[in-house]
Amino acid sequence: MVSNPVHGLPLLPGTSFKDFTKTAFHRSQTLGYRNGYAIVRRPTVGIGGDRLQFNQLSQAELDELANKAPVLTYGQPKQAPPADFIPAHVAFDKKVLKFDAYFQEDVPMSTEEHYRIRQVNIYYYLEDDSMSVIEPVVENSGIPQGKLIKRQRLAKNDRGDHYHWKDLNRGINITIYGKTFRIVDCDRFTQVFLESQGIELNPPEKMALDPYTELRKQPLRKYVTPSDFDQLKQFLTFDKQVLRFYAIWDDTDSMYGECRTYVIHYYLMDDTVEIREVHERNDGRDPFPLLMNRQRIPKVLVENAKNFPQCVLEISDQEVLEWYTAKDFIVGKSLTILGRTFFIYDCDPFTRRYYKEKFGIADLPRIDVSKQEPPPVKQELPPYNGYGLVEDSAQNCFSLIPKAPKKDIIKMLVNDNKVLRYLAALESPIPEDKDRRFVFSYFLATDMISIFEPPVRNSGIIGGKYLGRTKVVKPYSTVDNPIYYGPGDFFIGAVIEVFGHRFIILDTDEYVLKYMESNAAQYSPEALASIQNHVRKREAPAPELESKQTEKDPGVQELEALIDTIQKQLKDHSCKENIREAFQIYDKEASGYVDREMFFKICESLNVPIDDSLVKEVNGISLCHPGWNVVSLS
């Protein structure tokens with residue numbers, strides 16, 4: 001009799017008790033999911049939430065008990081319950097059949113191969129009857145490899161049937177998406193599975209090899225006749241023995257070319273050449289050590305190899321008839337290496353001993369290749385264009401930003417405000433120019449000349465500034481070496497040519513005579529005598545001139561009397577030195593004349609009393625000639 005496990009009473013009506021605390025009487029869930037796959041899960045609790053007792057028997061014992069028929073003392077035996085259903089995705093989870101196969105691919109655009117064998121692995125997934133084709137990746141093959149066909153169910157024919165594991169075997173061809181794959185073998189698990197399902201497997205086949213890949217694995221054929229020369233002996237004999245030469249590369253004939261120094265190393269162990277650069281301090285170049293890396297240099301190329309791309313590919317013995325050797329490097333000779341001509345001018349002591357012992361060449365000379373300073377190039381100025389002064393125009397040729405010509409500061413300070421004035425007449429065939437008079441002002445501080453023409457009423461000629469301050473070049477002087485007029489060129493009767501116009505000096509003021517006497521070394525005796533004689537004649541008038549003066553026009557005599565009166569008032573004033581400086585300041589053109597308004601302004605600024613009635617009759621006052629001799633305050 002079955003008893004209740006809770007209180008031990010028999011499980012009969014009236015002897016069982018209901019547990020009112022239990023509210024859930026559903027069956028436990030036995031089907032779950034793990035990593036996206038459905039799996040069977042054994043229940044841990046029964047109906048009502050009571051925990052089930054786990055069976056500690058082994059799987060073999062459980063199977064034996066499940067197959068054992070119960071023996072009862074009464075009635076017919078009951079049929080054994082069916083086994084648990086296990087889905088295919090659970091039974092065949094992570095069970096994959098692997099087949100080794102290959103397919104042939106045509107190569108129409110190559111002369112070295114006509115077809116290509118590509119080896120692949122075919123995987124068959126038993127849980128959902130899907131397949132995938134994967135080609136092992138070969139490094140640097142240049143072919144897109146990896147997963148050729150992703151995992152999916154593959155169609156077998158046009159009727160919609162799909163490939164099944166029963167259709168796969170060794171030694172058969174299968175067509176997938178137009179490509180025929182030859183299955184040659186399978187792994188151990190696949191073989192056991194197919195044999196357990198009653199499929200007879202064909203014998204395995206050898207995997208087909210790619211002919212081009214096998215050809216590349218073979219060693220290259222060398223069509224070189226073996227030589228008797230022992231390179232190992234050369235290496236052991238001449239190891240660490242290097243010939244050193246000092247050379248120059250003269251590229252001065254090309255634009256921006258220069259002469260540079262190099263060191264050429266010739267390695268006797270393998271007949272290679274290396275060219276190193278020689279850097280100097282502050283030479284403006286990157287400190288790159290090598291011009292040419294260590295390599296063999298061809299001397300004579302094959303006729304067909306002259307167009308060989310040497311800058312891209314290495315030159316082999318097939319393109320070269322003769323290589324450079326040690327006998328080609330001689331001091332005092334030139335040799336061309338990679339298009340550059342190097343002149344060897346010296347070598348080291350070891351190289352001298354080697355050439356003496358090997359080739360019998362003794363006393364290799366040392367050639368002097370030091371640069372000789374070129375003769376200084378004389379700067380030639382362009383021809384003068386006539387604008388401005390020659391010195392000022394020449395500054396444009398000396399520097400990019402022209403500077404003003406240097407001035408003699410001492411001379412300017414010593415001769416400041418010192419002006420020599422001369423009266424001159426214009427030498428011209430035109431009758432109207434005979435009566436014209438000009439005042440030359442020579443500035444001792446800058447050696448410049450200005451010309452002023454006093455205005456004459458009713459003459460028909462506009463007076464005023466005739467020439468601004470500038471240096472005047474003497475005639476017949478060259479443009480490259482101009483000669484300017486100086487103080488010694490101005491004397492009575494001298495002819496001064498100013499830009500094609502000839503002037504004759506007629507008179508001077510007293511300051512010119514004093515300056516000439518104090519600086520007699522600058523003037524010739526004839527020039528000094530001409531000024532002195534002229535001044536004496538002017539101070540001592542002739543009798544005929546006095547008789548003429550008595551016969552002058554009354555209007556002229558009255559004008560001279562008015563000027564004399566005004567000049568006497570200026571001389572009698574206590575600040576006559578200030579008056580002189582004021583007139584020189586306001587006479588900016590150094591013409592010797594000021595107008596009436598300026599004259600009154602100067603007198604008012606210096607508090608000089610002047611009778612207005614006297615000045616109204618005078619239109620202008622001459623500070624040079626003839627009035628300067630009278631009003632001279634020196």
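Please read every residue number as a count from 1 along the shown chain.
Just so it is clear, glycine is given a Cβ too, placed from its N, Cα and C backbone atoms.
These features come from TrEMBL:
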- 93-198: domain 'DM10' (DOMAIN)
- 239-359: domain 'DM10' (DOMAIN)
- 416-520: domain 'DM10' (DOMAIN)
- 574-609: domain 'EF-hand' (DOMAIN)
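Per DSSP, the secondary structure of the domain 'DM10' (239-359) breaks down as 16 helix, 50 strand, 55 coil.
The residues of the domain 'DM10' (416-520), classed with DSSP into helix (H, G, I), strand (E, B) and coil, number 16 helix, 43 strand, 46 coil. Residue counts for the domain 'DM10' (93-198) under DSSP, helix first, then strand, then coil, are 12 helix, 49 strand, 45 coil.
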